[in-house]
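Trainee: Pulled the feature table from Swiss-Prot, pasting it below:
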BINDING   H70, D103, E166  Zn(2+) 1 binding site
ACT_SITE  D72  active site
BINDING   D103, E138, H352  Zn(2+) 2 binding site
ACT_SITE  E137  active site, proton acceptor
Amino acid sequence: MSATLALTEQLIARASVTPDDQHCQQIMTERLAALGFECETIASHGVTNLWAVKRGTDGRDGKLLAFAGHTDVVPTGPLEQWTSPPFIPAHRDGKLYGRGAADMKTSLAAFVVASEEFVAVHPDHRGTIAFLITSDEEGPATDGTVKVVELLQARGERLDYCIVGEPTSTAELGDVVKNGRRGSMSGELVVKGVQGHIAYPHLAKNPIHLLAPALAELAAEQWDAGNEYFPPTTWQVSNLHAGTGATNVTPGHADLLFNFRFSTASTVEGLQARVHAILDKHGLEYTLKWSVSGLPFLTPRGELSGALEHAIRTETGITTELSTTGGTSDGRFIARICPQVIEFGPPNGSIHKIDEHIEVRFVDPLKNVYRRVLEQLIA
């Protein structure tokens, strides 16, 4: 069994459901410390974070390449639906099964073993290798990567490149990498009306009827046209509720939850202003609470994307696609202190599902790609 596969199985065997790390980071720390990494555990409200650094011969003047990821996994769902226990690694039909196999314990193992192989061949490497690992990515993400980033900002730590081990591939390893992500902003809208008897609408104000024209306009609005890297911004309703449950009472208020997924072609302030303008135009009496869970980030083609594309092509023969589709990731936090952030990991077809798995044939090539990037950028 390869070293990467063995470490992957060791990590899968830990039931590290958010935010419980279950000593996964301790396993990684022991391996990294043996290589000469300075390892720091940063705990916050039950979340375990790891910042590990191995300086190169150029010291703080050298380039720093960070591997970022998460040890936490999503809940298993109904255990009886799993073909084999989710935290007992199992091999069937050329696949390794277990919760976290694809998202993202194989990537973590590949990071570690790639670093071990790189240091063995390049003991006097010039640049710096770092690990930024959290147990709070699948959950609220309030005490994980963002806390480490804030600490590094306070220390004046500079990251030049970061690879986030998210499962970005689709059919084959390396067919898709993410060089950016859209931002996410949600709104909680309450439109006020006057509750009344449904037979006497002139004595009431039905907030559903009041909201409907504005809702239609919001749904039809083209917020932007996107750009070279991002599709157009989208606005979607996730929840709409009003009424008491009775058939003869008009509601006193209508509650609407909505979400923007927005590109670098729009700003938070601009989108908020346009929503308020539409609501005000329709004369609504309302309250609106905003929450921004992530700003868009983008890494244009450059040193990191070039090194990763070359490593993937050399290892797999595949020409990769740069993409910004999908949801948010911890890359949105890391982009605050790192100009080049790219996500790359194994195929994502089984993530968060019953019988999550990874094809064993992808495990060592993933490690090899990570090692090749180290060789290109910091050797």
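Placed from the backbone N, Cα and C atoms, the Cβ positions cover glycine too.
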Trainee: Enumerate the residues of the same chain, H70, D103, E166 excluded, that satisfy the criterion Cβ within 8 A of the mean position of the Cβ atoms of the recorded Zn(2+) 1 site; list them in sequence order.
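Mentor: Going along the sequence, the neighbours come out as G69, M104, S107, E137, E138, V164, G165, P167, S329, G345, I351.
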Trainee: Just checking, which of E138, E166 (binding-site residues) has the fewest C-beta atoms within 10 Å of its C-beta?
Mentor: E138
Trainee: Give me the sequence-ordered set of same-chain residues, not including D103, E138, H352, with a C-beta within 8 angstroms of the centroid of the Zn(2+) 2 site's C-beta atoms.
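Mentor: So the extra residues in range turn out to be V73, V74, G100, M104, I351.
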Trainee: So how many other Cβ atoms are close to D72 (active site), meaning within 10 Å of its Cβ?
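Mentor: Result for D72 (active site): 26 neighbouring Cβ atoms inside 10 Å.
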Trainee: Sort H352 (Zn(2+) 2 binding site) into helix, strand or coil using the DSSP assignment.
Mentor: coil
Trainee: I need the least crowded one of these binding-site residues (H70, H352), counting other C-beta atoms within 10 angstroms of each C-beta.
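Mentor: It is H352 that, of the binding-site residues H70, H352, has the fewest other Cβ atoms within 10 Å.
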Trainee: Sorry to bug you, but what's the C-alpha spacing from H70 (Zn(2+) 1 binding site) to E137 (active site, proton acceptor), rounded to the closest Å?
Mentor: 6
